[in-house]
Structures are given as C-alpha cells and as structure tokens.
Amino acid sequence: MWQEAMRRRRYLRDRSEEAAGGGDGLPRSRDWLYESYYCMSQQHPLIVFLLLIVMGSCLALLAVFFALGLEVEDHVAFLITVPTALAIFFAIFILVCIESVFKKLLRLFSLVIWICLVAMGYLFMCFGGTVSPWDQVSFFLFIIFVVYTMLPFNMRDAIIASVLTSSSHTIVLSVCLSATPGGKEHLVWQILANVIIFICGNLAGAYHKHLMELALQQTYQDTCNCIKSRIKLEFEKRQQERLLLSLLPAHIAMEMKAEIIQRLQGPKAGQMENTNNFHNLYVKRHTNVSILYADIVGFTRLASDCSPGELVHMLNELFGKFDQIAKENECMRIKILGDCYYCVSGLPISLPNHAKNCVKMGLDMCEAIKKVRDATGVDINMRVGVHSGNVLCGVIGLQKWQYDVWSHDVTLANHMEAGGVPGRVHISSVTLEHLNGAYKVEEGDGDIRDPYLKQHLVKTYFVINPKGERRSPQHLFRPRHTLDGAKMRASVRMTRYLESWGAAKPFAHLHHRDSMTTENGKISTTDVPMGQHNFQNRTLRTKSQKKRFEEELNERMIQAIDGINAQKQWLKSEDIQRISLLFYNKVLEKEYRATALPAFKYYVTCACLIFFCIFIVQILVLPKTSVLGISFGAAFLLLAFILFVCFAGQLLQCSKKASPLLMWLLKSSGIIANRPWPRISLTIITTAIILMMAVFNMFFLSDSEETIPPTANTTNTSFSASNNQVAILRAQNLFFLPYFIYSCILGLISCSVFLRVNYELKMLIMMVALVGYNTILLHTHAHVLGDYSQVLFERPGIWKDLKTMGSVSLSIFFITLLVLGRQNEYYCRLDFLWKNKFKKEREEIETMENLNRVLLENVLPAHVAEHFLARSLKNEELYHQSYDCVCVMFASIPDFKEFYTESDVNKEGLECLRLLNEIIADFDDLLSKPKFSGVEKIKTIGSTYMAATGLSAVPSQEHSQEPERQYMHIGTMVEFAFALVGKLDAINKHSFNDFKLRVGINHGPVIAGVIGAQKPQYDIWGNTVNVASRMDSTGVLDKIQVTEETSLVLQTLGYTCTCRGIINVKGKGDLKTYFVNTEMSRSLSQSNVAS
C-alpha cells in the first residue's frame, strides 16, 4: 500500500511538473487529470464490458451451434474462428484488468480489438455459405457503434475507424457481388441500404460519444468544484475555529458559534429564539481562581511622543510578550484596557497552583519591563496587583464580544494594582494563603494608597522577587541604546528594541493555506511570523500557496479517480443502490427525476433521424405499396408534431404575434423540458412509433412473397433445374427480409439516444421490443425467414441463417445498449450527486465565510475587517491608523455597582449580570439602525459602554470635507447617547429599577489599531480617549458631559449646552465642561425608543 502511495505521489509530482505550462503559457494540470479521470471512469469500464459482451457472444454462438446440431465438418472455419477470437479476447481482458498495463497499452488494445472484430466479420462473411448483399451488416453495424461508444478512441480516431469499417464492407461486397453472375437488379438498392444503415450507425454513435463526453466533462468539472469546495470548506472551518478561539475560550466559543450559525441560517432559527424574552447569556461561575491586573507606569507619557505606527508596534510587542509569559505560567489573558493588562489563572479548568501562577507571571512581567528599561533607558515600570477568589466569566452583549470577568474579587484585584508600587507585585492576604509559603513577602500597606482597600480592610503584601538580589552583569554598564539616547527619541529606542521580541501579528494565520494540511486544526509553527527576518520566508510561502492548493486539489482528484473504478459502481455505495442505481435518499431521488432536461428536444431529433434512416432503408428495398406509404406518412406526421412541440420555444421566439395556440405550444415546450411525466410520455410514444415501424410492413407481405417452395433442400430428384431456378428467383424477390432485422436494430438504438431519460424505462421498452421482435423472427414469421435461408444456402451457418442471425444480433445489441444505458445512468446520477454535494458544501462555505466575517466584524470595524480579509502581503503588517477628528463616548451606569451583589438568591451575581447583558444587548441593538451606522462600539468595561464615531472615514478625506459635514458624526454620537438614555429608561420600566446613565463625550485626534495575536483586539488611544473617559468619571447621573471644544461644535449643529464650570480632571488639571441639554435628550431618546 505504501509503495502504491509513493508511486502515485511521484506520478503526481512528475505530471505536475510537466503540466506547469504549455507552449501558450497556460497550465496543463487539468488536461492530464481529466485524461486520467476519463480513462478510469469511462474508458476502462466500457472496454471491460465490451470484452465481456464479445466473449459472452462467442460462447453463445458456440452454444447455439451445438444446440442446432450443425455438422462440425461443414463449419470448420466457424469452429476455428470463434474459439480463437474467444482466446484472444480473454487474453486482452486479463491484460486490461491490470490498471498499469491498461494505461500504457490503451491505444494498442483499442486497435487490436477493432482489428479482431473486423477480421471476425469478414471470416463470417466468407465462410458458411454464399456471400449476399446483406451479409454481416448487423455485425459491422455493431463494430461501428462500439467503436464510438465503448472502445477508447478519441472522436477523430473513432470516425476514421468507423468509416474504414463501413467503407471496406461496402467495397468488398460490391466487388465480390459484381463478379457473381445473375441477381444484380437489386444489388444497387441493397448496397445503398447498407450505406444508409452504416451512416445511421455512425451518426448515432458519434452523437452518443459526443454527448457522453460532454456529460463526463461536466461530471469532472463538478467533481473538481466539489473537491475544491471541500478543501475550501476545510480551510474555512479551520480558519473559523482559529478565529473564534483567538477571540473566546473554547468552553463558550462553540455555544456562541452554534447561535451565530442558527442566526445566519434564516428565519426558522429566529422563530425559535423569539419564544424567549431574554438574550442568551454566556456567563459561567468559576471558583478558586487568581486575578492579575498590571499597568505600565509611564507609558502615557511615552505614548504622547509616539507616531501611530510606533504606538501600535510597542503595544503589540509588549502585550505579545505578556501573552507569551501568560501561556508559560498557565494564565489566560482577559482583556487589554489602554496600557492595562489583566489575566486569570484557573480558567476554564481549575488549577491548584493558580496563585503561584499569577505571582510568577507578575514577577516575570516586572522582569521583562526592567530589561526594556535597562536596554533603552526609557523610564517605564510595571505595577502589578493579584487577588484570589471567585469570578463570573463570559461574554455579554451582541456585538464586539470580549471575554471578561466580573465579581467583587475582580474589583478588589483591580484596586490591588491601583494601590501597588511600580516594579512590585502587590498581593492580598487571600492570595498569600494560597501561596503556601512559596514566596517571601513583606508588608504592602495598600490601604494607605487606595481608599477602597482601606474601606474593605484588605491586608496586602509585596512579593520579594527571588532574583532581586542576584544582579545581572548588565547593571554594571549602560547599554549602547542608552548611550545613544541623546541621538534618538525614547519611542524610537523602545520600538527598535521591542522588534527583537518578534511578537506574532494579529490574524497572521487568516490566509495561510499551508495551514490547510495541518492535523486536528493545530496551527503549525510556520504560521506564526516571528520578526522581520521572516519576511522573505512569508513572501515565498505566499507565492507558493497557489501551487500547494493545486497540488492538494490534484491529489484529491487522484483519490476520487481511484474511487471511480470500473468495479466500484457494482459494489455497495453510500449514496446509490448497487443494482437499481436509485438513490438511498428518497428526497434526492425525487429531485433527480424532477431535474429539468433542456436537451430532451435533441434526443427526439436524433430518434427522428434514426426513424428517417429506417424509412429510407425500407423505401429502397421494400415493394412500393400503399400500406408502406400510408404507415410511414402517418408516423412521420406524429413525429413531426412531437418534434415541433419540443422546439416550439425556440421557433416561436422569432414570432411577433402571440396567438393562444402559439402560447399553448410555447408553454408545452417548457413543460416538456422541465417536467418528467411529459418527457416520459413523449419518450414512450416516440420510441414505440419507431420500434413498430421497423417491422410494421412485414405483416403486409403478399402470399406469393411469403411462400417459397423448399426446392433447394429437397431430396426428390424429379424436380427439374428450371423449378430450382424459379425458387431462387422468388427468394431473390424476398431480399428485403434481412433489412427488417436491421431496422429493428436501429429501432433499439433509437431507445438509447434518450440519454438522461429513466434507465429503467428504456430497459423496459427495449425488453418489450426484444421479446416482440424475437416472437416475430422465431414464431410468426419463422417459416418465411427459414425458407428464405434454405433457398439461398445449402447448409447455412449461424450468421447466414436469418432467424439465428436476427435473434443473436438483437440480443447482442440489447445487452450492449443496456450496459451503455446503465453506464450513462450511473454517471448522470453521479454528476447529479456531485452537483448536489457541491451545492450543499457551497452553502456551508457561504455560512462559514459569513460566520468568519461576523466573528471578525464582531471584533473589528467593517473597514478594518476588510483589511484583514483582503489577500495581500499587507496583512502581515500591523494595522494602525491615525484620525484627526474622532468623537469618543463613555456611557456608564454607576448604580450598577451598588445593584450588583453576590448571594444565593441571585446565583452569586449571575442574575445581576443577566440584567447587565440585557442592557448592553439593547444598546447593541441600536447599532443596527441605519442612523447609527457610523457608530462603532469599541468595548464594554464593567457597566461602561465605550463607542466612537468618525472611524469609518478615510483620514485623507477628513480635511477635504466642509466644516459642518466634517463634524456631523459628533452630532450622531450625541444622538446615540440620547438613544442609550431612552433604552435604559425602557429597561427600568420593565425591570422595576431606576438606573441612570452618566455619559462623557470628547472629540479630537486618536490612534486606532489592532494588537494581540492570542486575542486580537481593536482599540483607540490618545489624549482624546483619556479626556472622554474623564468626562464620564467626573460626570453627573442622567447628564451628558462634554468638553468646551465639543460643546462649541455641538452648538453649531443646533444643540444647546449648559456650562457646568471648571472641574479638576486627573492628569489634565482644570477643565471647563458643559452639559448637553437633557430636556432635548429626554424627548429625542423617547422618540428613538418608540421608533
């Protein structure tokens, strides 16, 4: 098995290299794959079936020979020819069953089989009796038909072989019979009839081959599309899982994924959700965890000196390093708030050493910042606080999901950081108990620095770093970066140093197709770019992605080709029944039978062409009687009407007048193409007419034509030579009898041209026809055919005896057409199955793509999501953008802190969070309104809602806009704040609460960017953001506080503002602030809620 796999891989590689391009510069990989597909799916099974049919026919001929009791010495040539042919075909059959030999000697096998069949035909013609004009026409017609339909010739070679076959038969017969004395008056008509039969066989065979090749090409294309969709689906699923898991922990990600898929699948899922008045809450309680809060001291001052790119790079590198430290210490990063970082140990699986993990992480963070400070000379430090307890963790709201934690213990951990000291890890007494003496500590006195700690009587400690007393050699000298500090800004020194850490970029794995082949959805290490030294490798990977995709597609195609082997369709299939070829899925079977068939009119056309050939043949050889004219005239009118109805749609498009009759014909044409029952009815009528007309006039032979004295076979010597001559002359007048048999064969072929019509229907029609024809040949008209053969031949062989030749020929054609019909039915169903699978997988891909987009847009604004979804090398770089005018809003519910309690009644705070989830979800609902399409939710911080406007504008276009238009988004933000107030009032009425919203708004320049590879997060930074936050924290309940600059803009937009006065803002000094008119707020918010 492994040798075969290696052989296939070498074959794939070699052929792929050969297929890299042709003379016209186009890839040729599809050509050789299609050849292989065509070879194994069509050519191989058909040539196997042909050999089985021929060998079976040889055995049947031998059986018939001995059953008839013919003398061996009279038919030596027959007994030599048939067993020899049987041996040759059996040897070829053995070789054909060896796949490798078949592929190498495909053309040779085709040529040998064709030559052997032609040789058999001439041997049958020359031996067994006198040569007649109708001799072996059925056998050569069989050769012509199978050359097109079953031998693996291309169309050109098939035409050449068939023309040689038919022309050689015509020429040989003409030469032989022209040299024979007597009986030449009908020779020309018989030869012409033979030519018409051969032309009909060529046309039917070429038609069959052309349509089958088109169908196979379509099946191949559908197979390729399905495999491509499967590869893409696998990629999308892996990408979606990675994306989801990069945003949310696995234990809630799958629940939320199921809800999104339900939402994307349409109204049915929505109807189920409407029965619940509450939004789903994805929050769980976890006990015995430790929470770490860390703040970079001095970063605000450093950030004010940074360019947008430097700021985002620094944050990404710093927090990327912290994520790495968190992973090493079994901690989960929760969120990034500006320059604040917090994480938890003990989620989602409880860990006994959670406190040690957090303390170790805090020490490592301080050590990492110390290295940065020592290496760059930039005055930054780390303040870390750790507390242990219980948390509620999960996601709230409908948009911009961010995994978060809530509880009194989380609040305490936050204050542990605020009450800490730079460079130290500040822990609570609870955490100290969990450490079990693992670290030395000293008094922390946190209650002196933070009133919350003092109010709650929290005893705090500082952890003594075990490495603190062991100084590294670096402290003995100033690094080169510091020595050069006078020559470059601190931010430049920081950026250059942090680049050496090589933190992964956000969403770096989104479009790496080399991740497609990883197992179990694991991200390979090659997917994570580590620093700029990998840029060249990334470029090479991107250039080779298409080639790898082609290789994977080719490999999957080879596997599919292996699955579509000659024997596979006869074995058990998951989708198709073995014998009947019906689909196991009843719905699929119904859909298949109801499939529209626009090509049906061409089937009828080809059948009518065969009918016309039968008519020409019988006109050439039959006596010209009134019955002949009337019968074919009536049949012609019926078929012409059917043909007209089928083509009515195309014919009437040119007609300007639309009479009721024309409209009925046009409608009928569409019904025939689109509905199965009219097609079935017309198929039965058309084939029945042709099959009946093949033998109809045989029943109207005159008595003189039907009765022939058996003189040639009599032993009475009293008959004179003149009587024998009369008998022969009468027999010659019945020269048309074999052409009834050939007309029957053409009638059977007419059934096979209805390629996509029900296989069982065609089989039933041909079976009834075969039984009827054999009844005529062997019973009702047996004496006529038998007497005719005995008059012409003294001891006729099997192929000279009309009854035997007719019955055997019809049976061989019946089996051949049955095999072709079944083969065609199988691949038609396979094509339908592939299309159905492709359609379903296409829908699943679209769902996955939409899911990925929803997930990405749940983290990023739409225009930023497009940046990462775009397939370009720029995705490898960090996204950052600076804006000159962005309006930032912080809306908080201070009362919620008092409302939040942890008790058994409210499930330890879970029910409080359920209400908060409803509030945030209702706030998020407003974002879907068209008037608020420009509002971008940034994040929620506890019960505070942060949003911004002006982020969707192209920065370069900000200055080109008119002043009023430039500030329109600030008015939109105020309107949004009004709407939030109205939503909260509505929630208060339903929940019997009295929450008040406190809003702070500011506008100005900001820097936007995406940071973090583990959990990518879109955020905005800058003084504008800090002041907006202060506008909220220093604000008044039920008021919207804005800065003086923002109030001036709002007044130009028609809003009224009331001066609050001068207030002291932490870090900004004294600022003059304003309240937006709350009466306007109240009226507008109520109208928003009503709308």
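First residue shown is number 1, and so on along the chain.
Note that Cβ sites are derived from N, Cα and C of the backbone, with glycine treated the same way.
Note that the coordinates shown come from a computational prediction; the quantities given were computed from them, not determined experimentally.
Swiss-Prot lists Asp295, Asp339 with the feature Mg(2+) 1 binding site. Among the features that Swiss-Prot reports, Mg(2+) 2 binding site is placed at Asp295, Ile296, Asp339. The N-linked glycosylation site annotation in Swiss-Prot covers Asn713, Asn716. Taken from Swiss-Prot, the feature topological domain 'Cytoplasmic' applies to 1-45, 208-601, 822-1091. Taken from Swiss-Prot, the feature transmembrane segment covers 46-66, 76-96, 108-128, 133-153, 159-179, 187-207, 602-622, 628-652, 680-701, 734-755, 763-780, 801-821.
A map of Swiss-Prot features onto the structure.
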residue	record	CB count, 10 Å
Asp295	Mg(2+) 1 binding site	23
Ile296	Mg(2+) 2 binding site	25
Asp339	Mg(2+) 1 binding site	20
Stretch contact, the transmembrane segment (133-153) with the transmembrane segment (76-96), Cβ-Cβ under 8 Å, 3+ pairs: no
Local confidence of the prediction over the topological domain 'Cytoplasmic' (822-1091), expressed as mean pLDDT: 82
Recorded stretch that, among 602-622, 763-780, 801-821, has the most CB pairs under 8 Å to the transmembrane segment (734-755): 602-622
Proximity verdict for the transmembrane segment (602-622) and the transmembrane segment (680-701), three or more C-beta pairs under 8 Å: yes
Output field, Mg(2+) 2 shell: CB within 8 Å of site CB centroid, site Asp295, Ile296, Asp339 dropped: Ala294, Val297, Phe299, Thr300, Gly338, Cys340, Tyr341, Met382, Arg383
Three-class DSSP secondary structure - Asp339 (Mg(2+) 1 binding site): coil
Recorded stretches the transmembrane segment (108-128) and the transmembrane segment (628-652) touching, at least 3 CB pairs under 8 Å: no
Long-range neighbours of the transmembrane segment (763-780), counting only residues six or more past its ends (CB under 8 A): 683-684, 687-688, 691, 695, 698, 741, 744, 747-748, 751, 802-803, 806-807, 810-811, 814, 817-818, 821
Distant-in-sequence neighbours of the transmembrane segment (680-701), which means Cβ under 8 A and at least six residues beyond its ends: 600, 603-604, 607-608, 610-611, 614-615, 618, 622, 625, 627-628, 631-632, 635, 638-639, 642, 646, 672, 740, 743-744, 746-748, 750-751, 754, 757-758, 761-762, 765, 769, 772-773, 776, 781, 784
For Asp295 (Mg(2+) 1 binding site), the three-state class that DSSP assigns: strand
Spatial separation of Asp339 (Mg(2+) 1 binding site) from Ile296 (Mg(2+) 2 binding site) - C-alpha basis, Å: 6
